[in-house]
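Noted in Swiss-Prot for the protein shown:
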type	residues	note
REPEAT	130-165	repeat 'PPR 1'
REPEAT	166-200	repeat 'PPR 2'
REPEAT	201-231	repeat 'PPR 3'
REPEAT	235-269	repeat 'PPR 4'
REPEAT	332-369	repeat 'PPR 5'
REPEAT	370-400	repeat 'PPR 6'
REPEAT	402-436	repeat 'PPR 7'
REPEAT	524-558	repeat 'PPR 8'
REPEAT	559-593	repeat 'PPR 9'
REPEAT	594-628	repeat 'PPR 10'
REPEAT	629-663	repeat 'PPR 11'
Amino acid sequence: MYRALWLSPLRFIVSSSSSKLTPYVSRGRGLSGIDNGAGCSCSRSVTTMIGNEFIRCQDESKILQLQIVDALRSGERQGASALLFKLIQGNYSLSADDFHDILYYCARSPDPVFVMETYSVMCKKEISLDSRSLLFIVKSLCNGGHLDKASEFIHAVREDDRISPLLPIYNFFLGACARTRSVYHASKCLELMDQRRVGKNGITYVALLKLAVFQRNLSTVNDIWKHYVNHYNLDILSLRRFIWSFTRLGDLKSAYELLQHMVYLALRGEFFVKSNRGKLHSTRLYIPVPSKDETGSEKFAFGVTDRIVDCNSSSKVALPKGHNKILAIRVLRWSFNDVIHACGQSKNSELAEQLMLQLKVMQQQNLKPYDSTLATVAAYCSKALQVDLAEHLLDQISECSYSYPFNNLLAAYDSLDQPERAVRVLARMKELKLRPDMRTYELLFSLFGNVNAPYEEGNMLSQVDCCKRINAIEMDMMRNGFQHSPISRLNVLRALGAEGMVNEMIRHLQKAENLSAHSNMYLGTPTYNIVLHSLLEANETDMVINIFKRMKSCGCPADVATYNIMIDCCSLIHSYKSACALVSMMIRDGFSPKAVTFTALMKILLNDANFEEALNLLDQAALEEIHLDVLSYNTILRKAFEKGMIDVIEYIVEQMHREKVNPDPTTCHYVFSCYVEKGYHATAIEALNVLSLRMLNEEDKESLQDKKIELEENFVMSEDPEAETKIIELFRKSEEHLAAALLNLRWCAMLGGRIIWSEDQSPWARALSNKYG
C-alpha cells in the first residue's frame, strides 16, 4: 500500500519549460494503445496481479518460454523469433503470465529489441498486459537506453484503465533517469505521478536525491530532506543517502549533523540484512505514518527518535533464508568516509577537528573508520599543509599497504622546512612495516640532504654531515632494490650545491652522465640547471662554461633558465659580448627574453658603469611590454647608490611609480642612504615617507585614511617602548610590507620629520613627477 505522501509537484528539480514537451503516444481501439515501432497499435487491457489468482501456464508454453530464453542467451535470435511465433500458434489460450520469463530475461539482459518484438506479438493476439509484464518492459527499455519509449508506455496507461502502473515502475524509471541524468524525462514522470496521485516512497526519494546532486542543487536536497523526515522513519540507510548528497554538494555542516545522528542509531545496534543481489534492507517493520503533533525536522533538531524501535523489540521481522546479517557499522563507516573525504577536500580545519572528536567516540564503541579512509584524508590534509591533523590521522592507522599518505606528509614537511618532524613519519612507517617507495627516497634526499641551507653557508662540519646523510639514504635505497630516479638525483645535486660541495656535486653528475650514456639517454635540463646555478653561486665560472659545453655536446637542450644562468655568468667575467651572443642563441632556440634576462644584461653594463646603455635596456623592455619587477629596478638603484648618482636614483623612482611597481625595503634603503650621504637629510626623510606609503597594496592604501589616527597613536607616534615589538608582530601575520612601512614612518617621526599620509602632500613626489613624468 502506497500513500500519496507528497502531492505538491517535485518539479523544482528541473526547469518548468521542460514540462511543455510530451512524448507521442498513439491511441488504438482499446483502452491503451502504444505505438510499438513495428506498426502494431492494438487494444489491450492491463490487469492487476494483486489480490487475484494466477492460472498456471500449460506445460508446453512453459517449455517454449525456457527454450526462447536459452536461444537468446546463446545469441540465436532467429531461432528465438521462430519459437516465439510457435508459442502464439498453439491451440491453447495465452495470458501475460505466459510471457513473464521472456520479458524478465529481456529486462535483465537488457534486450529492448526482442522485448518490443514480444510486445508486438502480444498485441496481435490481443493479450492483456499485467503489471509485471509492464514492469519488465519498462525495465528492458530503460536498461537499454530507450527512455523515450519507456516513457510512452508509462504515459499510455489512462485513468480509465483497470489499473495504473504500480509505484515500482515509476521508481525504476526515475532511477534510470538519475543514472542517465535525464532531467527532462524525470520531470515528465513526476508530473504524471502527481496527476495520478501515485505517492512516493524511500526509493523515489533516492532517485530524486541523485538528480538533485547531479544538478548541484542544494536547496532541492534540503526540501527533499524536510519532506522525508515529515513522513518517514529515520534509519541508517536513509541517513547515509542524505549524508552522501550533502557531502557531494559541499554542505559539510548538515552532513556532520546527520552523521552524529547516525552514530546514535548505530550505537543502539540497528541491523540490516543483505539480499543475494547486494541490496541492504532494515530489519525493522517500516510503515510510513505522518506525525500530526510536530514536524519531522523539529523532531530531528531536538534529537527525538520516538518512532525508532529497538532491534530486540517485537517489530523486527523474520529474516528470509539466504540473507546475510550485516551490522550497521559498515554503513556508518561509508558515511563517515564521505564526510571526512569532503572535509579534506574543502580544507575545513574546524570541522576536521570536530570529526576527530567524533572519531574518538566511534573508536570507543569499536566504530573506527576504514584505514583506507584515514589514509586518504591524511593525504588531503597534507596537501593543505594541515600537518598536525594529517599526522594524527596516520597515527590511527593499524595497517597500510601503500606509502602515498606518508609521502604526502613528508612533502608537506619539506614545503614547511620541518625535517625534524619527518623523523616521526619514518618511525611510523617502520612500525607499520611499510616499505618505502621511490617517492619516499626522493623526499628524504630533499628533506635531509642539506644541513645549513638556506639559513647559513656550508662549512666543513655540515658538509661531512651532509655526506653521511646522503650515503645512508642511498644505502637504504639500494637495499630495497631502487636506483636513483631523475628527481632523486636532482635533489642530491641540489643538496650538495647548497652546501657548497662542488667537487662532490661534479662527481655525482659524472656518475649520472655515465649511467645515462649506457642507457642511451641524456640527463634532463633541470639537472644541469641545478649544477650550473650551484657553480655560479660558488663563482666557479670556468666550470660553469665547461658544464654548459658538455651539456650542448651531449644533445641536452637548453631552456630559458639555462640561458639566464649563463648570462649571469657573463656578468661575473664582465663579457657583455658573450651575453649578447647567448641572447642570440636563446632567440634562435625559440625563447623570448624575460625580465630576468634584461636584469642580467643590465647588471653587466652597470658593472662597467655604463648607465646610459642600462637605461636604454630599461626603455627597450618597456617598449616590448616586458614588465620588470622590483629586483630589476633595485639592480640599477644599487649601482647608482654606490656611485652617488642622485639623478639616476630619482629617475628610477619615478619610472617605478609610472610602471606601478611597488618599492620594497631594499628600494627605500638605497634611496634614503643616497640622499643622506649627499647631505640632503630633509629630502631623505620625505623620500622614505613617500616610498613607505608606496610599498602598501591597494587595499591597505584605501583603508589608510580611515586608520591614520589609530596607526599614529599606536605605532608611529607612540611612546610605548613595546611599539616596535607590536609592529614586528605584523610580520608574523604575513603583513610584511605594512610592518616595514610603519617602522619606516616611526623612524621618520623620530628623526623629526612631519609624517604625511598621502603622496599628493609631498613636494618631493610632485617635483619628480614634473621632472620625469
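Backbone N, Cα and C atoms are what each Cβ position is placed from, and that goes for glycine too.
Sequence-remote contacts of a segment are chain residues at least 6 beyond its ends whose Cβ falls under 8 Å from one of its Cβ atoms, and for the repeat 'PPR 7' (402-436) they are 375-376, 378-379, 382-383, 385, 387, 390-391, 394-395, 443-444, 446-448, 476, 480.
On the 0 to 100 pLDDT scale, the repeat 'PPR 11' (629-663) averages 94 in this prediction. Beyond the repeat 'PPR 8' (524-558), the same-chain residues lying 6 or more positions past its ends with a Cβ under 8 Å from any Cβ of the stretch are 486, 489-490, 493-494, 496-498, 500, 502, 505-506, 509, 512-513, 565-566, 568-569, 572-573, 585-586, 589.
Distant neighbours of the repeat 'PPR 9' (559-593): 525, 528-529, 532-533, 536, 539, 541, 544-545, 548, 551, 600-601, 603-605, 607-608, 626; these residues of the same chain sit at least 6 beyond its ends, with a Cβ under 8 Å from one of its Cβ atoms. Residues 595, 598-599, 602-603, 606-607, 609, 611, 614-615, 618, 621-622, 670-671, 673-675, 677-678, 680, 687, 691, 694-697, 737, 765, 768-769, 771-773 of the same chain, all 6+ positions outside the repeat 'PPR 11' (629-663), place their C-beta atoms under 8 angstroms from a C-beta of that stretch. Mapped onto DSSP classes, the repeat 'PPR 3' (201-231) shows 27 helix, 0 strand, 4 coil.
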